[in-house]
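*Asks:* Mind having a look at this structure? Questions to follow.
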Amino acid sequence: KKWKQLSRLQRSVILFLFAALAVCGVISYTSMGEPWKSLTNKSLDDQRTEPEIPGLKLANPAVLPAPQKADANLGNYPELSPQKPPKPPHVRRGPSNLQIKPPRGDVRLKTRHDTGRVIEELVQADKEEKTEKSVISWRGAVIEPDQSTESPSSKIKEPEKKPSSVEAEVQKEPVPINERQIAVIEAFRHAWKGYKDFAWGHDELKPLSKSYSEWFGLGLTLIDALDTMWILGLKEEFEEARKWIVNDLVFDKNVDVNLFESTIRILGGLLSTYHLCGDSLFLEKAKDIGNRLMPAFKTPSKIPYSDVNIGRGTAHPPRWTSDSTVAEVTSIQLEFRELSRLTGDEKFQKAVDEVMKHVHTLSGKNDGLVPMFINTNSGQFTHLGVYTLGARADSYYEYLLKQWIQGGKKENELLEDYMRAIEGVKKHLLQRSQPKKLTFVGELAHGHFSAKMDHLVCFLPGTLALGAHNGLPADHMKLAEALIETCYQMYAQVETGLSPEIVHFNLHAQKGHKDVEIKPADRHNLLRPETVESLFYMYRFTGDKKYQDWGWEILQNFNKYTRVPTGGYTSINNVQNPSNPEPRDKMESFFLGETLKYMFLLFSDDIDLINLDKYVFNTEAHPLPIWVPA
Ligand code: DMJ
């Protein structure tokens, strides 16, 4: 009745208002719906990418962003994690980390109580950063642009992907280094002096005869040590080494190199150095050696040959067999995958991923444990029935976990193989010694257990701890704790306090016998890193100072029995004879590449000094960035 009493104009106005209200309502409903929609989709995606390993529940929440959807397209390389820590209010450009720096606490306090000023300072710092783009930062110091190299012959004009942490590692507020770290620096300098004086540009120092040995003729020690110098803050030494690379490192040589060794030491060393310092010289060299190693994959089975002639572009197996070593063909993946990501060229990753996929499907495993050899023609395992976590198999297990971490924890087959293998270790290889009941990893040969353990196996506690840190079951950490104690005892129960290459554990208590027995052929020490490596992981993840103390003892014993007064350290023949450990006259490149680097990191309380949520170490201790979804 009332509606009819209204004039036409009044009715039109009311109708118009209703229509307008309805339109507004529809618009606001759709815009409010979007976030809900994306939230719902996100959680579905997350669920889809959960690892589907039966019985596996990730113990800890993931430390990294949710993994990407599995992407079959190899060309889609994930971006790096944003590795820049919050920038401190003042960008410190100046002395290296050898100087005493204010504690990090200052920065945190400021952020909490003085936010306004901090924002202003951040803006200012950002401006400064932009004006400084033309310099290469050197952990607190600066290398002028003209010092950086861009070889005219370089095919890589600009790296397709930026290095991860160039500025990040530099601009954070450094934690002051402590006395033990200074002792490591001193040890490094002493080792470097020997190398520089008697072996410069050659593969390895022979410190007693004051000469050198050649393996590939590629300055192996120098390249292996590059990122250690960077991490230790040894600017002068780094610069000298860099100059040698600019002027003297040539890969176009008629020389046979071992695919695995040159990948982990040379390719790995160059890639990690590139990431730490951002100098494209290192990426260019990495690409060069990477390309020259590719002929190794031209085999009937695509399982690579052990040796490549990097000048001629030919590859071959060892003279006496067409087999390759399982650890060797499955421990080159981190490096080749990263090379693909950096260059955008998928061929590197494709070649090594194919190896992993193939090994994943192979029969001949024993509850995830792999034999030591694989045939390059048939692609099948050979010499079946022998299982070890030591030589020839060791880093297969290490790289299963580390590739999974590198790729953002989404490649489930890798995790599956790793989890199975650890179950296999528990089932077949774990035993306890007498009298101290040390948990150790023995070997299995055709159903017979041997209480033999290589020092090489001491990588395992660190790897287990890394897995537990990344959400794998807590009992992996328990096992890591037990095993690192054993590895320490392999040093502590020996007369020089240095571990032999191989020990045999006593399974039965005998009067006057320790847990560890050493055979005459096994009593050498090559300055290997594995125990110190695991001590580093254990300290990072637990904060238990005993791990630092154990590492400190080991460093002192290296100094006591392996240090050569005229420069360098030497491997020794007899860890059981403190009055004559019988120096062997050789300093392995991994002493500088790995052992001293892990020592330095072990003694550090700075979790950002190679943050384990951002980097994954290759098996030669060269840190490579962890990829996260773009
Ligand atoms: C290094 O070259 C690597 O750590 C490799 O995985 C095993 N052998 C040496 C160190 O012992």
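Even glycines carry a Cβ here, placed using N, Cα and C.
Just so it is clear, the model here is predicted, and its values are computed rather than measured.
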*Asks:* Ranges 134-171, 286-323: which does TrEMBL label region 'Disordered'?
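*Replies:* From TrEMBL, the annotated region 'Disordered' range turns out to be 134-171.
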*Asks:* According to TrEMBL, which candidate among C277, C458 shares a disulfide with C487?
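*Replies:* When TrEMBL is consulted, C487 turns out to be bridged to C458.
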*Asks:* Which ones are near E530 (active site): of the recorded positions E261, D394, C458, C487, E501, which have a Cα within 10 Å?
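*Replies:* Within 10 Å Cα-Cα: C458, C487.
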*Asks:* Checking proximity to ligand 1 here: which recorded positions out of E261, C458, C487, E501, T619 have their Cβ closer than 6 Å to it?
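*Replies:* By the Cβ criterion, which requires under 6 Å to ligand 1, the hits are T619.
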*Asks:* Take the C-alpha atoms of D394 (active site) and T619 (Ca(2+) binding site) and report the distance between them in angstrom, rounded.
*Replies:* 10
*Asks:* Spatially, and counting Cα to Cα, which of the recorded positions is closest to E261 (active site, proton donor)? Options: C458, C487, E501, T619.
*Replies:* T619
*Asks:* Pop the Cα-Cα gap between T619 (Ca(2+) binding site) and E501 (active site, proton donor) into the table, whole Å please.
*Replies:* 18
*Asks:* Measuring Cα to Cα, how far is C458 (disulfide bond) from T619 (Ca(2+) binding site) in Å?
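*Replies:* Approximately 12 Å lies between the Cα of C458 (disulfide bond) and that of T619 (Ca(2+) binding site).
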*Asks:* For C487 (disulfide bond) and T619 (Ca(2+) binding site), determine the Cα separation and express it in whole Å.
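*Replies:* Pair distance, Cα basis, whole Å: 18 Å.
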